[in-house]
Amino acid sequence: MGLCTSKPSPNPSFPPDSRNTPIHPPNKDIHHKSNSVPASPLPDVVNGNHNHNLDQAKGTEEKESSNSNNEGKKSPFFPFYSPSPAHYLFSKKSPARSSANSTPKRFFREPFPPPSPAKHIRAVLARRHGSVKPNESAIPEGSEADGDGAAGATVAGLDKSFGFSKHFGSKYELGEEVGRGHFGYTCAAKFKKGELKGQQVAVKVIPKAKMTTAIAIEDVRREVKILRALSGHNNLVQFYDAYEDHDNVYIVMELCEGGELLDRILSRGGKYTEDDAKDVMIQILNVVSFCHLQGVVHRDLKPENFLFTSKDENSQLKAIDFGLSDFVKPDERLNDIVGSAYYVAPEVLHRSYSTEADVWSIGVIAYILLCGSRPFWARTESGIFRAVLKADPSFDEAPWPALSSEARDFVKRLLNKDPRKRLTAAQALSHPWIKNYNDVKVPLDILIFKLMKAYLRSSSLRKAALRVLSKTLTVDELFYLKEQFALLEPNKNGTISLENIKVALMRNATDAMKECRIPEFLASLSALQYRRMDFDEFCAAALSVHQLEALDRWEQHARCAYELFEKDGNRAIVIDELASELGLSPSVPVHAVLHDWIRHTDGKLSFLGFIKLLHGVSSRTFAKAQ
C-alpha cells in the first residue's frame, strides 16, 4: 500500500442535503403537461381493499391526466397516445422546463390508490395482452378475441396450447378469489386427494380469452419458465406446477396468508422504524440479488408484489408476480416499457435498462417505508414521469432529519438516476446501514464478473491506474469486495482463478442461469485460466469507478490515487503511444482528442487524463464526442 496525503477518512459523514444530479429527459419521453401541486392533508388511514389491476387504474389521476391531454398528432415515439403540443411543452412556461429540485410531499394518510402508470405504459401493456379498444386494433373476422365466447385452442391463428398438464380439475378444488392482478386473478384452492388432501395452495388463473397476441402467450410461457427455473430461495413464492384446459392456464403456488407489504405499511400509518425497515429491506434485497445472479429481472417490484406468509408480525416476506419478468444476459439492455409509474426507473423510460431498474424500485419502497410518502409524485401520470426523470426526492422534511445519516445515504444510493452509479442489490446488503444488522450475509454479485471482464481487456496503463485507485478505498468500501472474494473461495495461497469463479457460480446456479447464458459469459474470462489473481488485484478489477464517482468523497479518492500514480506509475508518454495503449483505431484523430490527457510540461499523464483512463474511454466514446 502506498502513502497518500489526501487519504479519505475511514468514517466519512454523509451530509443530509446532498443530492444526485438529475438526468434531463430527452424530448421523446415526456409529452404531457402538468403542474405538480402538493395535496392537502388527507384523513387518517383506513384499511380497505385494493384493486391492483393495472388496466383498471382509472381513478382521479387518470381523469386529471385525460383533461390535461390535448388532442393532436400522435407521437412518432409513442404512436398509441396523443401528446400535448410540443411548442408548449418545451417553452419557458412549461413545467417540464422548470427547475425541479424536489417533488411535492404526499403522505399516505389513507390507502394508496392503485399505482397508475402513464398512459403510454398502459397502452403498451394493453397491446401486449390484446386488451385494446376496437378502434385501436382490428379484430379478424370470426375471432373471439373480445372474450365473449370460448377461448379455444387458437384465436386468429394463435396457438394457445402450452403443453402443461390438463388434470388440474382432478387434483385441485378451486376456492374463493383472493386477489386480482394485471392479467388474471388468484384463488385459494386445496388438494382433493392423496397425502396432501385438504392442504391449501394459491392458484393464479389466466384466461386464454385474454391472450389475443403472440406476445401475451409468450409472456405466460416465460412466467412459468421463470417460476420453474427460480427455485430454492426462502423469499421467493414456491412454485408447484402449471396446468391448462380449454379456457384457462392455472399456475399453482404456495398460499401466503399474511397479506401484502402494502397493507402492513398502511396499518402502521405509513411509516416503519429504521430497524423494522431494515428487516423488510434485507428480505427484498436477498431475493432480488438472487434473481439478478440467475439472470432474471423482475420489472414490477412494488409493495403489492410482496406477500407475508402469515399474519404473524415477524413472518417471512415472499416475492410474487413474475408476469412482467424476463431473462437478461449480463451485457444485455432491455427496451420495452413495463412497470408501475411510482416505481419505474428513469432508464426504463429511456428504453435502455437491465437489472439496475429493479434496484431503483427497491429504493422507492425503502423511501416509503422510512417516511411514509412517495419520493416522486404529481397530480397527473405524465407529471409522475417528469418527476422520476427530472426531480430529486426530498430528504429535508420530517422525518428525514431525525433519521440516521446511513439510512439517508442508503436510499440516495438506490435512487441515483445514473444506473451505473446505483448500488446493486448485493452491494446494498453490504451498505453500512444494513451490514451490521442481524449478521447479514452478502450474496455473490454478477457485477464483479462484468467488471473483471472489462479489467482483463484493459490496457496495462489502465490496470495500473485502477490498482492505485483501489489502494484509496476505506474499510467500509473494502467490506463488499472482501465478501465477494471470500465467496469465490480462494486457494490456500490466497489467489483465485477461472476455476474458482466457475465453482462459485455452479454452487449458486439454477436453470435460469442457463437461459441467460451466463456460462457463455464466463468464456470471456478465459484470460484467468492460466493465471492467478490475488486480493489486491481483485480489488482493482472488481471496483466500480462509476459508483465511487457517486460518493461525496470521490475527489479525495481521485486526488489520492493520482498522487500514488505519480509516484509509482506515471511516466512520460507521447500521444501516439497513449493511443496505442487505449487501443484506438487509426481513424480516430488522436492528437485532437488526447492533447489534454498529457501535461505539456513533462509529457506525463495529466489528472484529467488519469480520470478518463479510469473510466476506460473507448474509440466509440471518442467518436461520439467529436
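From the backbone N, Cα and C atoms, a Cβ is placed for every residue, glycine too.
Quick look at what TrEMBL lists:
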type	residues	note
REGION	1-79	region 'Disordered'
COMPBIAS	52-65	compositional bias 'Basic and acidic residues'
COMPBIAS	66-79	compositional bias 'Low complexity'
REGION	92-116	region 'Disordered'
DOMAIN	172-434	domain 'Protein kinase'
BINDING	K204	ATP binding site
DOMAIN	476-511	domain 'EF-hand'
Which sequence-distant residues neighbour the domain 'EF-hand' (476-511)? Criterion: at least 6 residues beyond either end, Cβ under 8 Å.
10, 228-232, 293-294, 426-427, 430, 432, 435, 442-445, 448-449, 518, 522, 525-526, 528-529, 531-535, 538-539, 542-543, 548
Helix-strand-coil residue split for the domain 'EF-hand' (476-511), DSSP-based:
24 helix, 2 strand, 10 coil
Would you report the average pLDDT that the model assigns to the domain 'EF-hand' (476-511)?
91
Kindly assign K204 (ATP binding site) to one of the three DSSP-derived states: helix, strand or coil.
strand
